[in-house]
Amino acid sequence: MGEVQREKVAVIIGPTAVGKTKLSIDLAKALNGEIISGDSMQIYRTMDIGTAKVTKAEMDGIPHYMIDIKNPEDSFSVAEFQERVRKHIREITERGKLPIIVGGTGLYIQSVLFDYQFTDDAGDVIYREQREKLALERGVEYVHEKLQEVDPESAERIHANNVRRVIRALEIFHTTGEKMSEQIEKQEKELLYDVSLIGLTMDREMLYDRINLRVDLMMEQGLLEEVEGLYNRGIRDCQSIQAIGYKEIYDYFENRASLEDAVSQLKTNSRRYAKRQLTWFRNKMDVTWFDVTDGEKTSEILRYIEGKLQVKSNNSK
């Protein structure tokens, strides 16, 4: 019997504001594709401006998935993302279309493409119960600070109020001596799909200028009012509000910063995030990079995907 044919998946990654959205839609049109968002924050309804969510007009008729599937007060795990996206890949493939994952949340995308297992093993029950007691007696922030000390990557990703996941990460470190993030990465990295992994990059100063401009545009489009709406709904201490673009403006509404300082901090945090994204993708994934400093490379990228995945575009003769 022949080898089972793996599903074909195109993946477009890159830092915030580099131009992934337009490229992905152009590619989807050319390759008969449908788009899956690989951004961990675009899943939240009513959080449109701050997450730079693709608009209906920009979609131009191309189906998009993993957008507006959760309320801002809901939590969302890497494991749930993995399960949902893999289901979308199957369904898109069954319709004879090409799944195109677009995004910037590296661990989430990696969890889909590779054979990662997320388990809730029995672990150390006594240790877990002790942490639960500490959370009750001394507060969730205290337990979260303990995680920050041993596994800052997980602490940044998991909100303090998500006590179960905070304690799970602490428990993994306690029982194995490894960070949760390291344990995930140590698993056998077998690609589950036939993947074309495209990365967009550009001159750093140009990228930072684009990020600053994007933040100014977000403010003009009504980011302040968008965040105020969440604030007035009483949404506090949720995973969604940890997103860049929201936590900074929350500081303004809670009188911890002036609006000018909040916007300045938003720009700084966005630039730092872009730098972290690039570092993460370069260190963790085998990406073919295209420099778009001098303009888009849609035709070149299209030819690359055609060759890598052995698919034909609508532009092919």
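Placement of Cβ uses the backbone N, Cα and C atoms for every residue, glycine included.
According to Swiss-Prot, the ATP binding site annotation covers GLY14, PRO15, THR16, ALA17, VAL18, GLY19, LYS20, THR21. Every protein chain shown contributes to the tally, and the Cβ of THR21 (ATP binding site) ends up with 19 other Cβ atoms within 10 Å.
Secondary structure at THR16 (ATP binding site), taken from DSSP and collapsed to helix, strand or coil, is coil. Sequence-distant contacts of THR16 (ATP binding site), defined as residues of its own chain at least six apart whose C-beta falls under 8 angstroms from its C-beta, comprise ALA52, GLY104, ILE211, ARG214, SER270, TYR273, ALA274, GLN277. Here Swiss-Prot flags THR16, ALA17, VAL18, GLY19, LYS20, THR21 as substrate binding site.
Among the features that Swiss-Prot reports, region 'Interaction with substrate tRNA' is placed at 39-42, with the record citing sequence analysis. Within the chain, the region 'Interaction with substrate tRNA' (39-42) has long-range Cβ neighbours (under 8 A, six or more residues past its boundaries) at 51, 53-54, 66-68, 76, 81, 102-105, 108, 240, 243.
If you draw a 10 Å sphere around the CB of THR105 (site 'Interaction with substrate tRNA'), it holds 20 other CB atoms from the protein chains shown. According to Swiss-Prot, the feature site 'Interaction with substrate tRNA' maps to THR105 (among others), an assignment based on sequence analysis.
Annotated site 'Interaction with substrate tRNA' per Swiss-Prot: ARG128 (among others), in sequence order. Just so you know, the Cβ of ARG128 (site 'Interaction with substrate tRNA') picks up 18 other Cβ atoms within 10 Å once every protein chain is counted.
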Shell of the ATP site beyond GLY14, PRO15, THR16, ALA17, VAL18, GLY19, LYS20, THR21, same chain only (C-beta within 8 angstroms of their C-beta centre): GLY104, LEU200
For PRO15 (ATP binding site), nearby residues of its own chain (Cβ under 8 Å, 6 or more apart in sequence): GLY104, LEU200, THR201, LEU207, TYR273, ALA274, LYS275, GLN277, LEU278
Close in space, distant in sequence - GLY19 (ATP binding site), Cβ under 8 Å, 6 or more apart: LEU200, VAL292, GLU296
Under 8 Å by Cβ from GLY14 (ATP binding site), counting only residues of that chain that are 6 or more apart: LYS20, GLY104, GLY199, LEU200, THR201, GLN277, LEU278, PHE281
Across the region 'Interaction with substrate tRNA' (39-42), average pLDDT on the 0 to 100 scale: 93
Env. residues of substrate site, Cβ within 8 Å of mean position of THR16, ALA17, VAL18, GLY19, LYS20, THR21 Cβ: GLY14, PRO15, ALA52, GLY104, LEU200, ARG210
